[in-house]
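Novice: Sending over a structure as structure tokens; questions will come in a sec.
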Amino acid sequence: MILVKDAIITGKKQDLLVEGNIIKKIGNISISEVSKDETEIIDGKNCVLIPGLINTHTHVPMSLFRGVADDIPLMEWLSGHIWPMESKLNEKIVYAGTLLGTIEMIKSGTTAFNDMYFFLDSIIKAVDETGIRSTIAYGMIDLFDEEKREKELKTAKESLEMIKNLNNSRITGALGPHAPYTCSKEILESTNALAREYNVPIHIHMNETLDEINQVVEKTGMRPFEYLNSFGFFDNVNTICAHCVHLSASEIQIMKEKNIFAAHNPVSNLKLASGVSPVLKLLENNIPVTLGTDGCGSNNNMNLFEEIKAAALIHKGVNLNPVAVIAKDAFDFGTKNGAKALNINSGEIKEGKLADFVLINMKKPYLTPKENIESHLVYSFNGVVDKVVIDGKLVLNDGKMVNIDEEKVYEIAEEAYFELAN
């Protein structure tokens, strides 16, 4: 058990008791109520306790791609830099990148993430060791080639079976077709069938740039959401669509009708000059918005607090509307909405929810005065957290990983980058 004493929880000083991996009680809890031998007591004085953040779109092993290709357009970035480097990936490199990336997320308050990448056994190994929660998909790209399609579907299915057989509630599977401009109709149709068979979500890039939309229109005569909807891709499945930058009215209507989650990646979209997602229109149509960092190659970090702030600010400026996205909504994008998208019983601090939470020391200049906590967390906090509990276990204590040798991780990450870049 874990007992957090005297933290600011939902606006007032309270205690919180964790039993197993569940928040058992919130309120005034005496130490005499618990067994001292079986309970870890955490002093929450001067701290605010918040739900762990949820990153709904990333490529965690790409922590090693940080800074390798800045200030260029997406298609040049992909074909000229990222894809050539990815051709050199191996299990060792992906393991090192995932260790580095998951530590970065935990140290900035993220407790769960939604990933699409390769070498899933290496990702799973690192996730298991760091203690973070994850939804993982093998990234399928068939480039309209039948032989490659069969291989990709086989690997995706094997990955789902592997994750299923882990019997680890922290690690769940998903299906990750890359995008409509890199995947054939056949692989996309098979994705829907597999998602229903395994009862897992679909994670896909959608409408990130005008160029990719034009590619789909030229091939099919329809915009990407219209094209996928024409053969039932969104039917009877939970779909998380990353980016959603350039959307027509009909596409927004499809998202609304099919209960699609938008994974908004404001920093990555700005850095690659892809554009700005019409989040205000999504909200007006009751389309749930979540937040992602994308990979470090296009961000260049995985600090979701930066995405929360960006989401709160950008849409004010774009819409000339100071209440386009208010602080509470932006924070919900990164917590409550993400939990719904990934079907995780978290995202809020309530009794009966999973014990995935973060403690932040408020004795900092950028978090003072303490009366305005909600505003500070969105507009002034830098993301450096003190303690993180995931699945009822303390994984970060006083800013340091509990069960991971951080120096060793930095060492193997540097070695992996050297192998990748040379």
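Think of each number as a place in line: the chain as shown, counted from 1.
For all residues, glycine too, the Cβ spot is worked out from N, Cα and C.
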Novice: Given that Swiss-Prot assigns HIS57, HIS59, HIS205 to the Zn(2+) site, pick the one from ASP121, ASP128, ASP142, ASP294 that the record assigns to that site as well.
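Specialist: Among ASP121, ASP128, ASP142, ASP294, only ASP294 appears alongside HIS57, HIS59, HIS205 as Zn(2+)-binding in Swiss-Prot.
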Novice: Which binding-site residues from the set HIS57, HIS59, HIS205, ASP294 come within 10 angstroms of HIS178 (substrate binding site), judged by C-alpha positions?
Specialist: HIS205
Novice: From the Cα of GLU86 (substrate binding site) across to the Cα of HIS59 (Zn(2+) binding site), what is the distance in angstrom?
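Specialist: Between the alpha carbons of HIS59 (Zn(2+) binding site) and GLU86 (substrate binding site) there are 12 Å.
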Novice: Within a 10 Å radius of its Cβ, which of these binding-site residues (HIS57, HIS59, HIS178) has the fewest neighbouring Cβ atoms?
Specialist: HIS178
Novice: Near the Cβ of HIS205 (Zn(2+) binding site), how many other Cβ atoms are there if near means within 10 Å?
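Specialist: Result for HIS205 (Zn(2+) binding site): 26 neighbouring Cβ atoms inside 10 Å.
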Novice: Taking just the CA atoms, what is the gap between GLU86 (substrate binding site) and ASP294 (Zn(2+) binding site) in Å?
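Specialist: Pair distance, Cα basis, whole Å: 16 Å.
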Novice: Residues with Cβ closer than 8 Å to the Cβ of GLU208 (substrate binding site), same chain and 6+ apart in sequence?
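Specialist: For GLU208 (substrate binding site), the qualifying residues are LEU74, ALA179, ALA242, HIS243, VAL245, ASN269, SER274.
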